[in-house]
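Presented below is the structure to which this report refers.
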Amino acid sequence: MAETHSLQDLRQQAAVAAKVFIQRDYTNGTLCQFQTKFPSDLETRIDKQQFEETVRTLNNLYAEAEKLGSQSYIEGCLACLTAYTIFLCMETHYEKVLKKIAKYIQEQNDKVYGPRGLLLTDPIERGLRVIEITIFEDRSLTQ
Amino acid sequence: MKNCEYQQIDPRALSVSPLSAQSHTTEKKEQRPRRKWEVFPGKNRFFCDGRLILARQSGVLPLTLGLIVVTCGLFFAFDCPFLVKHLTVFIPVIGGALFVFVVISLLRTSFTDPGILPRATPDEAADIERQIDTSGSSTYRPPPRTKEILINQQVVKLKYCFTCKMFRPPRTSHCSLCDNCVERFDHHCPWVGNCVGKRNYRFFYSFIISLSFLTSFIFGCVIAHITLRSQAGKSLVQAIQESPASVVELVICFFSIWSILGLSGFHTYLVASNLTTNEDIKGSWSGKRGAEESGNPYSYNNIITNCCVTLCGPVPPSLIDRRGFVPPDEVIPAASSASEMELPHFSAKNDVNMEENCQDFSLSCTA
């Protein structure tokens, strides 16, 4: 009870039992959205509501990154006027939101998914194709 | 069956056990950590340690750059002194600004990642296989797989990419020259030496628009130069003899203007209707069944919105993460599958050669 396992230790000790992939949802076009359908492999591990909330929050964050508002247009016009050299010193709005997403996923892994033997992989590491959820075997948790 | 191009991936074989991972890391610690661009499976070239990307077949990019630099050089050297004296000093200023803008746009188009999608990891590919193929092992190449989805109440077919082992997102196409799937694929431009896709379409568009202005500007200035010279009591032939470089510029600009202006007009139409060259050529949305049913599902039905979205909309960063480091225990699927794929082709070629040799031998014997 005194020892607390960090996520790194967990990953090295536990064997990967399975991987679940949440695919993209294209019903609204080419925007980056993920399907909220609850995969059957996770039924024994996590609550359906919890999972759906995670995916929905991620979808909202990606929608915010790709939002067509005045800010993105100003950024685009400014970039064109400076012959696109402005991005050598400035970060785009999209990149800022991606950092927010990375932080959110880290937080979810620490609080919700890690204790249940699951690991969320940031979709950007998979080319924004899938959310990869790694399911670890239970034996290290029962020590 | 030795000539099996398509292989079923066994997910059980991919599970990473702790022991093998540890031995792997001790081995790899002796090698220096490699960046992801060094193991990139597509046909691309990388410069500046992965910061710049170009297609392996860079086409005629040196020719494009050469033509632009030579024409502008001749313009500044031979026409500008005369025009500054007789007209205004703003001519080289405007010319210089246009030249700089053209070159920067061209370099940005050539060296930016067009929106390449990284290939699916083996686990992902196995997962997709499992969802589709329930009929055991396949000893022949399965029929092309498509998945139909609804986008804005319209049916769109997604195709499966055998090279990248994933279902291509909508508007994505696989470039055979670069061997990559590119998002919002427009076309592979040999003049620019790269694919034109989601991330560099605006640079390409600003390149051709500014190039149209530049060529028209130079053309107009050279005409003014020769006219002014021949007006000062000399004939046209004498004026040309005094400034032969102007004729070279005239010829280059004359031929460029037709093609570049036409291309600019075409791409302005594409931008206004939120289409790609690929979709326009294939006629994906051009009302085969009737104008009502198959309109473009991605268009916002407003020219200004379409222009803003295509040219000023947000752009994701490069998805292939060229400068990231390869994790020490990662399996590199492309290299192994490429070498496996080469073997059946090689043996097939040998068989064909042998057949031909046998036939020739038999013919020569009977002759």
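Glycine is treated like the rest: Cβ placed from N, Cα and C.
Taken straight from TrEMBL:
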{"type": "TRANSMEM", "residues": "B:60-78", "note": "transmembrane segment"}
{"type": "TRANSMEM", "residues": "B:84-107", "note": "transmembrane segment"}
{"type": "DOMAIN", "residues": "B:157-282", "note": "domain 'Palmitoyltransferase DHHC'"}
{"type": "TRANSMEM", "residues": "B:203-227", "note": "transmembrane segment"}
{"type": "TRANSMEM", "residues": "B:247-272", "note": "transmembrane segment"}
Beyond the flanks of the transmembrane segment (B:84-107) by at least 6 residues, Cβ under 8 Å: 64-65, 68-69, 72, 75-76, 192, 203-204, 206-207, 210-211, 213-214, 217-218, 221, 224, 228
Positions on the same chain near the transmembrane segment (B:247-272), where near means CB under 8 A and six or more residues out: 67, 71, 74-75, 79, 186, 204-205, 208-209, 211-212, 215-216, 218-219, 222-223, 240, 280, 303, 306-307, 310-311
PLDDT averaged over the residues of the domain 'Palmitoyltransferase DHHC' (B:157-282): 89
For the domain 'Palmitoyltransferase DHHC' (B:157-282), residues assigned helix / strand / coil by DSSP: 73 helix, 19 strand, 34 coil
